[in-house]
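Lifted from TrEMBL, the feature list:
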| type | residues | note |
| --- | --- | --- |
| TRANSMEM | 12-34 | transmembrane segment |
| DOMAIN | 28-315 | domain 'Sugar phosphate transporter' |
| TRANSMEM | 54-79 | transmembrane segment |
| TRANSMEM | 118-138 | transmembrane segment |
| TRANSMEM | 145-162 | transmembrane segment |
| TRANSMEM | 168-185 | transmembrane segment |
| TRANSMEM | 206-223 | transmembrane segment |
| TRANSMEM | 243-264 | transmembrane segment |
| TRANSMEM | 271-292 | transmembrane segment |
| TRANSMEM | 298-315 | transmembrane segment |
Amino acid sequence: MTAKGGSAPSPGGTGAAAGTGRLFTVGLVTAWYSSNIGVLLLNKYLLSNYGFKYPIFLTMCHMSACALLSYAAIAWLRVVPMQLVRSRVQLAKIAALSLVFCGSVVSGNVSLRYLPVSFNQAVGATTPFFTAVFAYIMTVKRESWVTYLTLVPVVTGVIIASGGEPSFHLFGFIMCIGATAARALKTVLQGILLSSEGEKLNSMNLLLYMAPIAVILLLPATIFMEDNVVGVTIQLAKKDFKIVWLLLFNSCLAYFVNLTNFLVTKHTSALTLQVLGNAKGAVAVVVSIMIFRNPVSITGMLGYTLTVIGVILYSESKKRSNKP
């Protein structure tokens with residue numbers, strides 16, 4: 001009995017609540033993995049196997065879905081409180097981030113036309129290298145020598161993987177490197193541009209404002225660089241209506257990547273997120289090889305493994321250096 005005469009919480013009730021919490025977390029992680037890997041594989045299928053050769057238009061579809069679904073999630077479902085843009089300067093900063101974000105996503109989608117998902121993920125794993133480079137150049141932030149040392153296997157692994165990749169394509173590789181660098185640049189820029197307490201936005205609200213700006217930026221690029229893409233898509237739909245469902249599903253999945261990433265970040269620890277993030281790329285590689293049957297070499301897999309080991313060491317080194 002408690003001091004006030006009420007009964008104490010039963011161990012069984014506490015255990016059931018913990019079990020429910022664990023089940024919820026497992027469900028979130030499963031949704032996060034499924035949406036991340038699903039959108040990657042579907043992008044590859046559309047742009048390479050299906051023959052829908054319009055990566056800018058595809059990205060614009062993604063951003064349109066993100067804009068609409070973000071508004072519905074925040075304004076109607078109240079997944080998170082809405083944060084308002086406070087000034088034109090803050091809006092200009094968000095627009096700059098959106099431009100870099102567009103470059104990253106478009107370049108990544110272009111690379112999938114030419115590279116297998118497995119190699120795309122190997123190159124993408126070098127994000128910490130570019131983050132460290134941009135952070136040093138733009139903020140003069142120096143890491144410990146041990147942290148920089150861990151980047152050696154990250155870069156070496158990709159060099160080895162490139163040499164052993166049977167489906168290597170130079171333009172695709174350049175686009176993939178560009179996408180990875182732009183992703184890292186966005187992270188660093190976000191830390192610089194939205195650093196003050198009054199301007200900080202959570203990832204869901206940032207997406208709410210970035211996505212419509214991205215659509216505005218991508219629309220003229222689509223019109224001028226992907227001639228008659230709407231007409232071609234309509235003609236494809238008349239022959240095979242499946243393309244409409246694929247584009248709709250793919251676009252919604254692109255939003256759920258961001259939503260599940262936010263929720264997993266919210267409901268798990270930083271260490272758990274770090275481990276899950278490192279494992280996600282490896283799972284994507286295995287699943288893509290099983291589905292697309294693209295040839296892989298032992299050299300390529302060794303290179304990718306070395307890169308992943310480097311990323312894990314880098315994350316561990318950063319965690320230790322951030323400890324007080």
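All residue numbers here begin at 1 and follow the chain in the order shown.
Placement of Cβ uses the backbone N, Cα and C atoms for every residue, glycine included.
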Contact set, same chain, for the transmembrane segment (118-138): CB under 8 Å, 6 or more residues outside the stretch: 40, 108, 111-112, 147-148, 151, 154-155, 157-158, 161-162, 165, 167-168, 173, 176-177, 179-181, 183-185, 187-189, 192, 281, 284-285, 288-289, 294, 296, 300, 303-304, 307-308, 311, 314-315
In contact by Cβ distance (the transmembrane segment (145-162), the transmembrane segment (298-315); 3 or more pairs under 8 Å): yes
Integer mean pLDDT for the domain 'Sugar phosphate transporter' (28-315): 93
